[in-house]
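Note sheet for the following structure.
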Amino acid sequence: MKPYQRQFIEFALGKQVLKFGEFTLKSGRKSPYFFNAGLFNTGRDLALLGRFYAEALVDSGLEFDLLFGPAYKGIPIATTTAVALAEHHDLDLPYCFNRKEAKDHGEGGNLVGSALQGRVMLVDDVITAGTAIRESMEIIQANGATLAGVLISLDRQERGRSEISAIQEVERDYNCKVISIITLKDLIAYLEEKPEMAEHLAAVKAYREEFGV
């Protein structure tokens with residue numbers, strides 16, 4: 001685990017974005033941890049979040065021309081990541097996002113920001129069922145652009161309804177790489193460093209044993 005990944009886990013814990021306990025997911029599964037990126041909700045949070053996304057992007061080595069944030073949660077992520085890339089990595093890249101409702105006045109259309117073209121890096125909070133990615137792919141393809149990759153904050157590394165995860169389905173269906181700031185594996189490595197969190201470690205490992213990929 002790299003220093004920025006450990007720092008991200010501590011940031012998420014401090015903001016109660018990442019919590020341990022017993023939580024019922026939308027799928028009905030009982031999970032020993034929960035991640036709610038919506039709680040990154042202040043200016044400072046967004047500034048830090050952008051730095052972690054930018055760090056993961058640079059670390060990945062993936063090449064891309066533009067950041068795309070799917071409405072709604074992806075919009076502030078794309079914006080703050082673009083700022084962090086410019087400020088901390090000297091990479092001044094364009095970004096854009098979509099509207100859920102097409103505008104019928106002014107410049108019209110359903111895209112805001114730079115023209116959607118070239119190799120697109122899609123940024124979002126998490127991938128649950130992959131629905132937002134599929135909707136975004138339609139927009140990207142309709143504009144003649146290509147998907148360079150997807151970056152999310154956390155990869156839960158667990159099976160969906162089939163034997164593979166929603167992330168693996170996206171990688172298979174769109175022939176692209178999905179990267180994340182942290183994975184479940186990183187979370188377990190972090191818990192292993194904290195003797196006071198042994199109870200949570202056992203629960204998370206048991207969950208991975210049952211649902212992991």
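Note that Cβ sites are derived from N, Cα and C of the backbone, with glycine treated the same way.
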Site co-member for orotate according to Swiss-Prot, given Phe34, Phe35, Thr128, out of Arg44, Arg51, Arg119, Arg156: Arg156
Rounded Cα-Cα span from Asp125 (5-phospho-alpha-D-ribose 1-diphosphate binding site) to Phe35 (orotate binding site), Å: 10
Distance in Å spanning the most remote Cα pair of Phe34, Phe35, Thr128, Arg156, given for orotate: 13
Rounded Cα separation (Å) that holds between Asp125 (5-phospho-alpha-D-ribose 1-diphosphate binding site) and Phe34 (orotate binding site): 13
